[in-house]
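Student: Among the features that TrEMBL reports, disulfide bond is placed at CYS9-CYS19, CYS181-CYS187, CYS235-CYS275, CYS437-CYS441, CYS477-CYS491, CYS506-CYS511, CYS513-CYS528, CYS551-CYS582, CYS567-CYS574, CYS588-CYS593, CYS595-CYS605, CYS608-CYS611 (among others). The domain 'PSI' annotation in TrEMBL covers 1-50. If you look up TrEMBL, you'll see 8-439 marked as domain 'Integrin beta subunit VWA'. Taken from TrEMBL, the feature domain 'Integrin beta subunit tail' applies to 615-703. Residues annotated as domain 'Integrin beta subunit cytoplasmic' in TrEMBL: 727-754. Marked as transmembrane segment by TrEMBL: 704-726.
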Amino acid sequence: CIKANAKSCGECIQAGPNCGWCKKTDFLQEGEPTSARCDDLAALKSKGCPMEDIENPRGSKQVLEDREVTNRKKGAAEKLKPEAITQIQPQKLVLKLRVGEPQTFSLKFKRAEDYPIDLYYLMDLSYSMKDDLENVKSLGTALMVEMGKITSDFRIGFGSFVEKTVMPYISTTPAKLRNPCTGDQNCTSPFSYKNVLSLTSEGNKFNELVGKQHISGNLDSPEGGFDAIMQVAVCGEQIGWRNVTRLLVFSTDAGFHFAGDGKLGGIVLPNDGKCHLENNMYTMSHYYDYPSIAHLVQKLSENNIQTIFAVTEEFQAVYKELKNLIPKSAVGTLSSNSSNVIQLIVDAYNSLSSEVILENTKLPKGVTISYKSFCKNGVNDTQEDGRKCSNISIGDEVKFEINVTANECPKKGQNETIKIKPLGFTEEVEINLQFICECQCQSEGEPNSPACHEGNGTFECGACRCNEGRIGRLCECSTDEVNSEDMDAYCRRENSTEICSNNGECICGQCVCKKRENTNEVYSGKYCECDNFNCDRSNGLICGGNGICKCRVCECFPNFTGSACDCSLDTFPCMASNGQICNGRGTCECGTCNCTDPKFQGPTCEMCQTCLGVCAEHKDCVQCRAFDKGEKKETCSQECMHFNMTRVESRDKLPQPGQPDPLSHCKEKDVDDCWFYFTYSVNSNGEANVHVVETPECPSGPDIIPIVAGVVAGIVLIGLALLLIWKLLMIIHDRREFAKFEKEKMNAKWDTVS
């Protein structure tokens, strides 16, 4: 928001959806530019701008027309006109858009049962389709019966096409113009497109008129079918299209010419996409080129026509590629004589009607739209797939979530209208887009206000919007005066050569401070001499995180002081376990004990390396008063009456930790080497209290008999062990000697023998 450098409230709210404008008159600090009024909401509140003074208009949506989708069954007594049937909801709404803030609404679509259908059969009557024509002649009544299973309101029409009536597409010799076929074949003259039968509910009339048609002929293999499709699409009045489901069945056994092919016949004018039917014949085929595929897609979509290509096996691949370019179209394989055309149409219709694809008209500049679909069986999609749902049966309801976002305001701020509709359907949602490009307070502005230097600007939203040729926060200067050296003198501090402390520029004799890359860091002051980021730091934080930096000086929060607000006035860290600050031996400075007696140390002045402990300090007095013995026995009444003493029976009866007064548990030896136990505590009144166990624990003397018996037994056992060891060594020695004797005896026998 800061980087947008907004000069007005309108510019500010266009900078982003989280930007607000503070209209409080005295909001700006000295030296701050008008653009500092524009910031995110949290920053404005932290700078002291009340919520009621923050301009932050939000977008909204309003549904103007919201008829429920139609629920009715086929064969119901109630017969509705097509325009009374609703398949899409809502129908009309207004979106107020703020830049960067999306507005979301839900769109519901439901396929109505027994919805009317108009079907136009467009047939190639070139000579190769001769056998197909015979089967199509009885198509009307048979198709009426089959489509009657789907809808009770069905109409059918018929048209035919051959080719452009110029060379080299047809032969232009008089004889060939009369009968383009060879031999004794009776063919009709070639033509581009003829509307034989406008849409009608009379199937017999279809059979009658189609039965009178004759095959024609041409020279090249591709046909002029695109000319015919264009005329069928744009000549709605002559064809008789209603605002219902519109189906166009295109039947051929050949390829097609498209834009650019007309040059072969000297035709260079692009197709104009307009209706040129006279007496149900297309009269401008020799004048306009074939339409392009994109042009056809546009016109078919504009007129909500769904196309079914009924083509032979040979051209399936070509028309499947064409299908991928034309939304809401299908391809069926036509048998060689068109005998399967009825089943092909029914299958293709079911395929087309089971898918809904949303499309929108051209969006205004800077407006984007996104879709999210909620289809059957929990199937959800986004992005391009979010526009469509498949496998929809009659009566099924699907929903779409649509986001509309304005990324910029139109130059004139005028309203725009877009429309969203399902491809192949006439119903649509009309959305009026209203752009929020100005703030409410701007309409309350005061032109030529005295607050803007004698009427040199409009005072609006707490600031001046200067007239042409005027600048300055209060429009006090003209653009001719900006570079005047006399003005610079007002921007220098006394005894300084720096203009605006080198932290801003002098405009109109006033300093306008520079902006920092970090938008939280701000220069301010009459000469831009102040800032909020050059204060003393502690722990790497400005003002230690415990204050606010104003004009390079820390203003500390309560309970903090010091140049970097690093000194806490809180005495809790200095509180000793006995409830005294620093144990009464020091002062608490910045949350730390400063011990006044140098022999004491520690966080609360509790440690003294050269001092006796509490127990050792009082043991002689406790011993003399409790047991009438010890070093102070003679002087006990003079030196040891400074505490109250209570005798208890056992150690369990001594006071335990957890009582309010600080407590020390002691265990000391008396002059008879007996242990005695006592506690020492000081209450809140400063009185010392001693609790002592009345009976010392003296060690008992040694038991002589077991000791003597143990010593004697030990000596005996050691003697026996030594005898056993000596005996074992002797046995080992004797055995070795005997073995040696036996060996020498054997050696002596050998010597005697020799």
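Positions of Cβ are set from backbone N, Cα and C atoms, glycine also.
Caution: TrEMBL annotation is automatic and unverified by curators.
Just so it is clear, the model here is predicted, and its values are computed rather than measured.
Explain the structural surroundings of these features, please.
Tutor: A simple way to gauge crowding: the CB of CYS187 (disulfide bond) has 20 other CB atoms within 10 angstroms, across all the protein chains here.
For CYS235 (disulfide bond), the count of additional Cβ atoms within 10 Å of its Cβ stands at 22 [all protein chains shown].
For CYS441 (disulfide bond), the number of other Cβ atoms no farther than 10 Å from its own Cβ, over all displayed protein chains, is 17.
In the shown protein chains, 22 other C-beta atoms lie within 10 A of the C-beta of CYS491 (disulfide bond).
For CYS528 (disulfide bond), the Cβ neighbour count at a 10 Å cut-off comes to 26, with all displayed protein chains included.
Long-range C-beta contacts of CYS551 (disulfide bond), restricted to its own chain and to partners at least six residues apart, with a cutoff below 8 Å, comprise SER524, GLY525, GLU529, CYS530, ASP531.
A C-beta separation below 8 Å, combined with a sequence spacing of at least six in one chain, links CYS574 (disulfide bond) to ILE581, CYS582, CYS588, GLY591, THR592, CYS593, PRO603, THR604.
Taking a C-beta cut-off of under 8 Å and a sequence gap of six or more, CYS595 (disulfide bond) has these contacts in its own chain: CYS582, ARG585, GLY586, GLN601, GLY602, CYS605.
Taking H, G and I as helix, E and B as strand and the rest as coil, DSSP gives the domain 'Integrin beta subunit tail' (615-703) the counts 20 helix, 28 strand, 41 coil.
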Student: State the Cα to Cα distance, in Å, between CYS567 (disulfide bond) and CYS511 (disulfide bond), rounded to an integer.
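Tutor: CYS567 (disulfide bond) and CYS511 (disulfide bond) have their Cα atoms 36 Å apart.
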Student: Highest CB neighbour count within 10 A among the disulfide-bonded residues CYS9, CYS19, CYS477, CYS567, CYS593?
Tutor: CYS9
Student: Quick check for you: of the disulfide-bonded residues CYS181, CYS187, CYS477, CYS511, which have their Cα within 10 Å of the Cα of CYS19 (disulfide bond)?
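Tutor: Close disulfide-bonded residues: none.
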Student: Cα-Cα, whole number of Å: CYS187 (disulfide bond) versus CYS506 (disulfide bond)?
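Tutor: Given the Cα positions, CYS187 (disulfide bond) is 92 Å from CYS506 (disulfide bond).
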Student: Given the disulfide-bonded residues CYS181, CYS275, CYS441, CYS506, find the one whose Cα is closest in space to the Cα of CYS9 (disulfide bond).
Tutor: CYS441
Student: List every residue in the same chain as CYS513 (disulfide bond), at least 6 positions away in sequence, whose Cβ is under 8 Å from its Cβ.
Tutor: GLY31, GLU32, PRO33, CYS500, ASN503, GLY504, VAL522, TYR523, SER524, GLY525, CYS528
Student: Quick one: among the disulfide-bonded residues CYS181, CYS605, which has the most Cβ atoms sitting within 10 Å of its own Cβ?
Tutor: CYS605
